Amino acid sequence: MEKVREIVREGKRLAKEDPRRVVHSFKVGLVLALVSSFYYYQPLYDSFGVNAMWAVMTVVVVFEFSVGATIGKGFNRVAATLFAGALGIGAHHLASMSGATGEPILLAIFVFVQAALSTFVRFVPRVKARYDYSLLIFILTFALISVSGFREEQVLMLTHKRISTVIIGGLSCVLISIFVCPVWAGQDLHSLLASNLEKLSFFLLDFGDKYCEAVGNDDTKEVDKRKKDFDNYKSVLNSKSNEESLANFAKWEPGHGQFRFRHPWKQYLALGELIRQCAYRIHALNSYLNTDDTKVPVEIKNKLREPLKRMSLESGKAMKEMSMSLKKMTKPSSCDLHVQNARSACKSLTNLLNSGILKEVEPLELISLLTAISLLIDIINLTEKILESLHELASAAKFKDKTERPLSFEKTNAKSIVCGRPIKCHDDHVVTIIEDDGNNDDTSKNDNRSNEVTNHEKREDSNTHVHVKCLCDVVECR
C-alpha cells in the first residue's frame, strides 16, 4: 500500500507540475480508440485485415508530447515506410527471377546489405540527430516486406495495405496533436531561454550584497536562504540537450502565433550557448562566495562594495530586461543602458584597484578576490554578447518595438486625458510635463488647442503644492 501511495503522490506531482501531461495522455487514448475501429469495424477489417494493427502500432510509436516531435516522427515513419516498401518490392521481384532455389539466398543477401549499410549510416552525427528513427523504420519495413513476401503471393497488395495503415495512423496523430490542445516545441524553447535568463538575473541582482556582507557559519538561516536563492541557476548548466531537441522539433512545426514559418531557431541555440557560458561563470563565482578557505577581509570588501554591487546589479538588471523582452517578443531597449552602467562600474573598480588599496592584503586572499572580480568582468562581457545575440534574434524574428506607456491622468468632469512625465530638479522641485490629448466640452468646437503649464512643487517641510499647467515639450531646470 505504501508503494501505491507513493506512486499516486508522484503522479499528482507530475500532473500539477505540467497539466499538459494529463491532456496528452487523453489525446493518446483518443487516437488509439479511433484507430482501433479499423480492427473492430467489420467493413474496415475486410479492407485491411490484420494489417490494421499497423495503424495502432504507428500511433503508439509516433504520437509524441509536442506537435513538432509528432510531425517529425510521423514524416520519418511514412517516408521510411514508402521507400522501404518500394525497395522491398523491387528486391522481391529480382529474387523471384532467380528461381525457387536462388530466391531465398538473394533475399537474405539483400536484407544483410541493407541492414548493414543503414545501421552504419545511423552512426553519422547529423543523420542520427534528425533521421535515426526513419532509418530504424526503414530497416524494419524492408526486412518484413522482403521476408513476408517470400510466402505471400500478392506482395504488392500486402505492401499497399501496410503503407496505407501507416499513413492513416500517422495522419491521425498529427491532426489530433495540432487541433486538440497543441503543445508547441518552439514555444517551450522560447520560454526556456527566457526562464534561464531570469534565473541568472536572480543571482546577479543579489550577488553584490551577498559577497560583501559577512555571514558566519553559525548563521544557518542566512546560509540556507543563500543556497536556496542561488541554486536556481544550476538548471541552466545542463540545458543544452533539452534546447537542441526542442529546436530540432520546432523545425518541423508549422507557423503558429508569433512564430512564423522558418523561424530562426538556430539563433535560439546560439543565444542558449551564450547563456550557458554565463551560467558557468556564475557557478564558479558562487563557489568563491561559499568557500571558507580564503576569506577576504571585511574592510577590503567594504571599500569595494559600491563598484562590485553596481557591476552585479546592472548586469542582473540587463538580464532581467532581456528576459522580459524575450517573453513579450519585443526588441530590448533599456538593456544597453544597464550594460553601459556595468562597464562604468567596472572602470571605477579598476581605478580603485590601481590606487593601491590591496597592498596590505595577503597573497591567498588577493588571489581569491581578484579571481572573483575577473569572473564578474567575464559575466559583464558575456552579458553584452547575450544582448548582441538577442538583438540579432529580434531582427531575424521581427520582434515588435517596445513602446513605453506614458504616465496618464484622467481629469474629473472633463473628457480629456492628460499625459505627463516628471523631471526632477534641484531643491526638491519636480516639474511635470503634461499634454492634453482631448478637448473639454466648452472648447470642443475650437480648432486651436489650449496650452497649459503645470509646475508641481513639492517640499519636505510643508504640504503645499503649486500646480501650474502648461503644454510644452522641453522644460529647462536650473
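Cβ coordinates are placed from backbone N, Cα and C, and glycine is handled just like the others.
As recorded in TrEMBL, the features of this protein are as follows:
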- 442-460: compositional bias 'Basic and acidic residues' (COMPBIAS)
- 436-460: region 'Disordered' (REGION)
- 21-40: transmembrane segment (TRANSMEM)
- 52-71: transmembrane segment (TRANSMEM)
- 105-124: transmembrane segment (TRANSMEM)
- 131-151: transmembrane segment (TRANSMEM)
- 163-185: transmembrane segment (TRANSMEM)
Per the Cβ filter (under 8 Å) with a sequence gap of at least 6 from its ends, the transmembrane segment (21-40) is approached by 14-15, 48, 52-53, 55-56, 58-60, 63, 65, 165, 168-169, 172-173, 176-177, 180-181, 183
In the same chain, residues at least 6 away from the ends of the transmembrane segment (52-71) whose Cβ sits under 8 Å of its Cβ atoms read 20-21, 24, 27-28, 31-32, 35-36, 38-39, 44-45, 77, 162, 165-166, 168-170, 172-174, 176-178, 182-186, 188, 246, 248-253
If one takes Cβ-Cβ under 8 Å and requires six or more residues beyond its ends, the residues near the transmembrane segment (163-185) are 20, 23-24, 27, 30-31, 34-35, 38, 48, 51-59, 62-71, 74-75, 77-78, 81-82, 85, 246, 249-250, 253-254, 256-257, 259
